[in-house]
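K.L.:
My structure is below; once you've seen it, I'll send some questions.
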């Protein structure tokens, strides 16, 4: 009994906690951290409890305990999924096997009112059994004996033949809707219907294709039947009087099996097959309405009760009336075709409905086309001013720049972070200044900057050669220096006298004239706004360095030769200019070399003479050996003044060429002719 008591206590404790939480639903409007921790602990208790009672047939999660310490909600859910998935699969397989088995019937056949009475008695007995079990468990825990009267009551209940099969404690908790289970099995067994063409007569309830298939099925069944059965059916006398028991059993036997469910729970689905499309179902519900459905259900329930309770004669009459009413209700439900104005059953309307049924590819294409159209529209529409590049104040709306977050470069160094070291350093400086009694403000020490010269006041360099001599240039520079000194050394007394005279003349002018003559206008100093365009709009921050406000030409000098170009960018003129520049530099180098030689000759004249003599001797030796030939200047390059001189010169050149061609032949002959005197015997 201990494990049963343990089970009951754990389940009661869990239910108590859940009831406490659900009694106050308004608490769930805010975050309940304590409640969340309680629920996690409850899930752990239930999980561990389930693992203890788990049979070997159902193998759930391999984890014997639910781990919740240092685990988040997602990880706990994953542990529960590991346990639930195989269990659900097991139950699904078991249910499908029982549904497929034709020998098993979910609803046992009962006879008339006895079945209902038995069912109510069984429920009452089950409740009494549960109460007695609870009392026995409590007594067994306390150590007391169970009374014998209760045992007898138990045995009498067990021996009751009308009682339904006994269920265990675990089975008693199961409560499921049989009607839903039947519908699920029908939907599973029902094969997927092939899409058929709609006819003109088709309605929400009536379909021509279904009628044709039903007739074909009936014909096939009739063909399969043997001849003996047909004769037996023909021999039955339909006008015979039938006993009340037989009539009740025969007429309402089938109805009892189906109407074993409570008549209050009967719905449209219990009388008619479900409509294939969801739209048709919703249409039927809307047409009937909740009031009509209730009336029909009550009508059917009343018919069933009256048919069971009344006599045979009354039964016959009521059967006729009920059949008429039933037929009328069926006619009203099944054949209540809509008006021609409400729904158009023409072939054009059917075609439109068939066109509406599109394939997945067509739907994808439609979505793609819509997306392309929207993107094209975005591209063609006018873009906002933020995406239009450089926009001036006139082109954008007023005060629109204030609503945007602008990104710009800070040229000023950020202030240092104040730490303990900086504060201590400041304290030391303050103490030192108090000792030195230096109460004046500290002069800011700045790094000396080279002021960027103004671009507009830049001196233009003159590339022409100066016509003045060096002496004249020095003279002008000297005169300028002397003039500056004389200007600086003005007599201070003269300056004072000039000021006094100016003030006197002003007073005299005021006395001599009717009205006061103002002071003469002093020439104002004009400030040239040589700044970038961004400062004119007053968008730039106040603390920006001067370097950021100057143009690049003001900061760095422009190259004299212009912008740098690559070899591919250079034109013919640029290449010629470079060539001239190289030649000029080469000439300068040669001139410098000659100057150095001359200086050396001047400094060492003896060395230069000896070098010249050595060079001349070397030349003579080379000419003697025949390695070098000296060219004499015979004034050949002198211009010819007459035609006679020209032709004579031409003749001489031809003769020289002929002689040069004959010389190698003579040398060969000399080498070949060997005299006898040179040979020794």
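Glycine residues also receive a Cβ, built from the backbone N, Cα and C atoms like all the rest.
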K.L.:
Of the residues 168, 199, 329, which is given the phosphoserine tag by Swiss-Prot?
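P.N.:
Checked Swiss-Prot: the phosphoserine annotation sits on 168.
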K.L.:
Where does Swiss-Prot put phosphoserine, among 37, 247, 466, 642?
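P.N.:
247, according to Swiss-Prot.
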K.L.:
Could you let me know which of 172, 611, 629 shows up in Swiss-Prot as phosphoserine?
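P.N.:
Among 172, 611, 629, the residue Swiss-Prot annotates as phosphoserine is 172.
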K.L.:
Of the ranges 408-428, 429-449, 471-491, which one does Swiss-Prot list as coiled coil?
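P.N.:
Of the candidate stretches, Swiss-Prot labels 471-491 as coiled coil.
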K.L.:
Between residue 395 (SUMO2 cross-link) and residue 383 (SUMO2 cross-link), find the distance joining the two CA atoms and give it rounded to the nearest Å.
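P.N.:
Approximately 13 Å lies between the Cα of residue 395 (SUMO2 cross-link) and that of residue 383 (SUMO2 cross-link).
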K.L.:
For residue 556 (SUMO2 cross-link), identify the closest of the recorded positions 61, 383, 649, judging by Cα separation.
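P.N.:
So, of the listed recorded positions, the one sitting closest to residue 556 (SUMO2 cross-link) is 383.
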K.L.:
May I have the DSSP-based helix, strand and coil counts for the residues of the compositional bias 'Basic and acidic residues' (215-227)?
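P.N.:
Breakdown, helix to coil: 11 helix, 0 strand, 2 coil.
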K.L.:
Sequence gap of 6 or more, Cβ distance under 8 Å: name the residues on the same chain that satisfy this around residue 61 (phosphoserine), in order along the sequence.
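P.N.:
Within the chain, residue 61 (phosphoserine) has Cβ neighbours under 8 Å at 79, 82, 83, 86.
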K.L.:
What is the total of other Cβ atoms whose distance to the Cβ of residue 395 (SUMO2 cross-link) is within 10 Å?
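P.N.:
For residue 395 (SUMO2 cross-link), the 10 Å Cβ neighbour count is 9.
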K.L.:
Sorry to bug you, but what's the C-alpha spacing from residue 383 (SUMO2 cross-link) to residue 649 (SUMO2 cross-link), rounded to the closest Å?
P.N.:
89
K.L.:
Counting across all protein chains shown, how many other Cβ atoms sit within 10 Å of the Cβ of residue 649 (SUMO2 cross-link)?
P.N.:
11
